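Trainee: So TrEMBL says this about it:
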- Lys71: active site, proton acceptor (ACT_SITE)
- Ser20, Arg21, Ser22, Thr67, Asn92, Asp108, Tyr225, Gln253: shikimate binding site (BINDING)
- Asp83, Gly134, Ala135, Gly136, Gly137, Ala138, Asn158, Arg159, Thr160, Arg161, Ala162, Arg163, Ile223, Gly246: NADP(+) binding site (BINDING)
- 12-94: domain 'Shikimate dehydrogenase substrate binding N-terminal' (DOMAIN)
- 130-198: domain 'Quinate/shikimate 5-dehydrogenase/glutamyl-tRNA reductase' (DOMAIN)
- 246-276: domain 'SDH C-terminal' (DOMAIN)
Amino acid sequence: MSDHPRIPLAGVIGSPIAHSRSPVLFRHWLDQYEITGYYVPIDVDAEDLETVLRTLPKAGFVGVNVTIPHKIRALEIADVISDRAALIGAANTLIFRPDGKIYADNTDGYGFIANLKQNAPGWDATIGPAAVLGAGGAARAIVASLLESGAPEIRISNRTRARADALRAEFGARLVVYDWVQAGNMLEDATTVVNTTSLGMVGKQEFRVPLDALKPGATCCDIVYTPLKTKFLIEAEEAGCVIVDGLGMLLHQAVPGFERWFGQRPEVTEGLREAVLNA
Ligand code: ATR
């Protein structure tokens, strides 16, 4: 390895990757903090993932974010795994350590909680049950972070019941499974409500879970951010709830990687939101 200082490089690995907003987000921070560095989209097929991950450090990369479809495989390839990534079963942030080892972390749960703290001041997981719609990868990270934050009970409902039951088996007694047709019932007295499904996203099916049982004052959060204000959030706001959109989670989950790779803890500001939205 060469001994002169190298310009730090990082990026996001997925396939396809052209739609990713992460390069815009990182460029904004690099410019804001006047850091010389680059963050690039990297499109890699599954069969090449390990070779690419082992080679990137040799080209000056200090780490990468990982997105669909490589989050699970990336965890298998990594040499060292954070407790959080192990619990979630997927990695979204890889750090290439100077000793040559690949360290895998998952910052989705951190991003979810940081977004709530920033945009729903006073939010507290411990004050009541949380209701989570969906049981995919995002739901796993969110359920883990809500449990870690002290939610007394997590109610979960998913179209494919078996996936919700699998989460229950893994995460234990504080997780209660509701039938998808009964999903609306689990909202009763829930103080945190999260949509982790793709329902309501542009081009996907409309959000159709009845919200009559929503309690005014509950904090309602969508992970969908196209559109920014989803039907779920519009209806929740009409019901007197505090609403938090999904863009903030995307921005906050990037904070630990940026800090690690470029040596500066970045702020999630309105300017950043606008830059990413307008990209
Ligand atoms: P991610 O990793 O982003 O969470 P995923 O693992 O594909 O993505 O999960 C998507 C979630 O949206 C799942 O909970 C999925 O339900 P299924 O497990 O039944 O597939 C949910 N979802 C997607 N489309 C849906 C629809 N039309 N109706 C209800 N749920 C839907």
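Placed from the backbone N, Cα and C atoms, the Cβ positions cover glycine too.
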Trainee: For the domain 'Shikimate dehydrogenase substrate binding N-terminal' (12-94), what's the mean pLDDT in this predicted model?
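Mentor: That region's mean pLDDT is 96.
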Trainee: Enumerate in sequence order the binding-site residues Arg21, Asp108, Asn158 whose Cβ-atom distance to ligand 1 is under 6 angstroms.
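Mentor: With ligand 1 as the reference and 6 Å as the Cβ limit, the list reads Asn158.
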Trainee: For a quick check of packing: other C-beta atoms within 10 Å of the C-beta of Tyr225 (shikimate binding site), how many?
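Mentor: Its Cβ shell of radius 10 Å holds 21 other Cβ atoms.
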Trainee: Considering only the binding-site residues Asp83, Gly137, Thr160, Ala162, Ile223, which residue has the minimal Cα-Cα separation from Asn92 (shikimate binding site)?
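Mentor: That would be Gly137, nearest by Cα distance.
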Trainee: Using a Cβ cut-off under 8 Å and a sequence separation of 6 or more, which residues in the same chain sit near Ile223 (NADP(+) binding site)?
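Mentor: When sequence neighbours closer than 6 are ignored, Ile223 (NADP(+) binding site) has Phe112, Ala138, Ile142, Val194, Asn195, Thr196, Gly246, Met249 within Cβ distance under 8 Å.
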Trainee: I want to verify one value. Collapsing DSSP to three states, which class is Asn92 (shikimate binding site)?
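Mentor: SS state of Asn92 (shikimate binding site) = coil.
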Trainee: Mind telling me which of the binding-site residues Ser20, Asn92, Gln253 has the densest Cβ neighbourhood, counting other Cβ atoms within 10 Å?
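Mentor: Result for the most crowded candidate: Asn92.
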Trainee: Just the number: how many Å between the Cα atoms of Thr67 (shikimate binding site) and Gly137 (NADP(+) binding site)?
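Mentor: That separation, Cα to Cα, works out to 11 Å.
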Trainee: Within 10 Å of the Cβ of Thr160 (NADP(+) binding site), how many other Cβ atoms can you find? Include all protein chains, please.
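Mentor: So the Cβ neighbour count for Thr160 (NADP(+) binding site) comes to 12.
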Trainee: To see if you understand the setup: which same-chain residues, six or more apart in sequence, place their Cβ under 8 Å from that of Arg21 (shikimate binding site)?
Mentor: Leu250, Val276, Ala279
